[in-house]
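Asker: Pasting a structure here, questions to come.
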Amino acid sequence: VLQISKDDVTALQCKVVCLIQNGNFKEALGVINTHTKVLTSDIIAFEKAYCEYRLNRIENALKTIQSASQQTDKLKELYGQVLYRLERYDECLAAYRDLIRNSQDEYEEERKTNLSAVVAAQSTWEKVMPEDLGLREATYELCYNSACALIGQGKLNEAMKKLQKAEELCRQSLSEDSDVTEEDIEAELAIIHGQMAYIMQLQGRTEDALQLYNQIIKLKPTDVGLLAVIANNIITINKDQNVFDSKKKVKLTNAEGVEHKLSKKQLQAIEFNKALLAMYTNQADQCRKLAASLQSQSPEHLLPVLIQAAQLCREKQHAKAVGLLQDFADQHPANAAEIKLTMAQLKIAQGSVIKACMILRSIEELQHKPGMVSALVTMYSHEEDIDTAIEVFTQAIQWYQQFQARTNDGCFVFQPKSSVHLSLIREAANFKLKHGRKKEAISDLEELWKQNPKDVHTLAQLISAYSLVDPEKAKVLSKHLPSSDAMSLKVDVDALENSHGATYVRKKAGKLTGDNQQKEQGQGDVKKKKKKKKGKLPKNYDPKVTPDPERWLPMRERSYYRGRKKGKKKDQIGKGTQGSTTAGSSELDASRTASSPPTSPRPGSAAAISATSNVIPPRHQKPAGAPATKKKQQQKKKKGAKGGW
C-alpha cells in the first residue's frame, strides 16, 4: 500500500503499530517523525508517546501527552505511568483515582495495583503517611505493595506478615497454570523474597538476610533492578569486611538499564556505597571522583562531604578535612549542626579537646541540650578547666530560666521550671560539691529546695553541704527532716534475708539438746577461743643455738656465700709449662708398679708364646674403657645430628 501511496495515513499508522508490537520502538518513532505532516499529534499521539516512554525518554513522552488535543483513556493511562517514572507521586495518585472513578473494564485490577504502588512509593521515599484506599488485597501484587507501604512507616513485623501472605497468593495463582514451572514461580517470588531479606536486615538479622540475598542471586533473575538492589544491600552488610565479595557484587549495580529501573534515591544510595567501597579498598582517587560527582548532583547533601573528609583523614590530612567541613557549614547553615559535630570529633581525635569544645559551643540549636552540656562539662573537666565547666552549667540554667512562650495575643508568659531545668541545677550542684565549690553548690541546692520543699533528698544534700561551711545552719535545717518513725519503711527483715535475691542468708540454728543446751545457756554470749597449733620445728633444731637471721633468703643472696666448691679432679690437673712433670707423676706411671703385667709379649720369646697360647691376640682384644668412649661418641653424634635415617 505504501509503495502505491507513501503518505497513506491508515497504512502508516498500521506500520507504526506493527513495529511497536515487534518491539522496534526506535524504528516506529522514526516513521512517525519522518511523516509529521501526515501523522499529526491528534492521530498518533498515543503511539508516539508510548515509543518515547519505552525508549526511556520520559520528559519527551510527557510533552507529547500534554500537547495532544484530546485526552483519551489510553493517554491517561500512559500519563499515570509517566508521572510515576518522574516520581511526581501526588499528580500520579490523582490521575489513577480519576481513571478508576471514570472507567469500567477488565483492567480495573491493574489500575488498583498501580494506585497501591504509588501509595507505597510515597510512604517509602517521601515519608508520607499513607491513606487507607479501601483496596481488597486479593492479589499478591496488592499484598506486596501494602507491605512496602508498611516498611515505609517502620511497621516491619506487619510488613513481614503481608509478604508471607503475598508469597502464598503468588504460589496459588501461578500453580493453577500448568505451563508455569517451579523455576518460573521462584523467579516471580524473587522480588518478594528480596523484600523479606531487607526487613531481616533492618531487624538486625544480617546472617538470615545475607543467606536469602545470595539465594536470589543464584536464581539469576532477569530484573536488573532487583539484582542491583540486592547487591547494594549485601555491600552494606559487608561494610569494610569481606571487601573482595563487595567488589564482585558492585558489578551487578553497573548493569545496563539499571538507571531506568530504580528511583533517584536508590541510585544515589548505590553511588554513595560505591564511594565508601573505594575508600575501604584504598582507591583514593576513585573515592574522591565519586564523592565530587555526588556533590555536584546534590550540593546540599551531607554524605559526599563526609566521605571526602573521611578519605582525607585516612590520608592523615586532618586539618584539610576540618577546613572542607567548615566551608560546607558556611555555605549550608541548615546542615551546619551535623557538620560541626563531625568537626568536633576530628578535633578530639587530634587531641585538641578545647578546640572541640569551642566548636560544640558554637552550635546554637544544641548548645543548651542536656546531652551537649554533659559532653562539654566532661571534656572541660578532663582538661581540668573547672571554671569553664561551671560556666557551661550556668549558661544552660539561665537559658532555661529565660525560656518564654508567646501566646496568641502577643504577650509573653513565663513557663514553670521544667524537669530538665531542675535536673541541670542538681547536676551543677553535685559537680560543684565534687570540685570544692561549696558556697556555689549551696545556692543551687537552696534553689532546688524552694521549688520542692518536700524533697528530702535535696534537703539532705543541702544539710551535708552546710555542715562543711556553716554547721549551725546545718543544725537548723536538720529540724526540717522528718522523724525516724516517719522515715521508717515497713519491711519484713526475715522475709527480705530469706528472699531469692538476698546476698546474705541467716543460718538457721540447729536444735540444742541436753548438755549442749545447758552449756550454751551457761556460756551466754562468750565466744569460743580457737587453740593455736604449735608450729613444727626442724629435726636438727638446737634451742641453745641462735637461728641464722638470713635463713629466709636464698643461698646466693646470703652474705657468707662464697660460691660453689671446685671439683677434686680439677685440683689434680698439672699446672706449668707444657711437658713438665709434677711430683705425683711417678705414682701415675703404671710401668713402675710390680703388680702390673706386661701389656704385650716381646717378639721371639718362647715363654711368652707358651704363656699366651690360649689368649686372644691383642688386636682382637677390646681395650679397657672402650665401651664408655663409644657411648660418649654416640651421645655426641646424637646431640649434633639433625634429621635421621
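Going from the start of the chain as shown, residues are counted 1 onward.
Cβ atoms here come from the backbone N, Cα and C positions, even for glycine.
Residues or ranges marked as coiled coil by TrEMBL: 58-113. Here TrEMBL flags 527-537, 629-645 as compositional bias 'Basic residues'. For 539-560, the entry in TrEMBL reads compositional bias 'Basic and acidic residues'. Summarising the annotation, TrEMBL assigns compositional bias 'Low complexity' to 591-608. Per TrEMBL, domain 'Signal recognition particle SRP72 subunit RNA-binding' is recorded for 507-563. The annotation region 'Disordered' is assigned in TrEMBL to 507-645. Residues or ranges marked as repeat 'TPR' in TrEMBL: 190-223.
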Asker: Tell me the residue counts in helix, strand and coil for the repeat 'TPR' (190-223), as DSSP assigns them.
Answerer: 26 helix, 0 strand, 8 coil
Asker: What are the DSSP helix/strand/coil residue counts across the compositional bias 'Basic and acidic residues' (539-560)?
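Answerer: Secondary-structure breakdown of the compositional bias 'Basic and acidic residues' (539-560): 3 helix, 0 strand, 19 coil.
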Asker: Looking only at the domain 'Signal recognition particle SRP72 subunit RNA-binding' (507-563), what is the mean pLDDT?
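Answerer: That region's mean pLDDT is 70.
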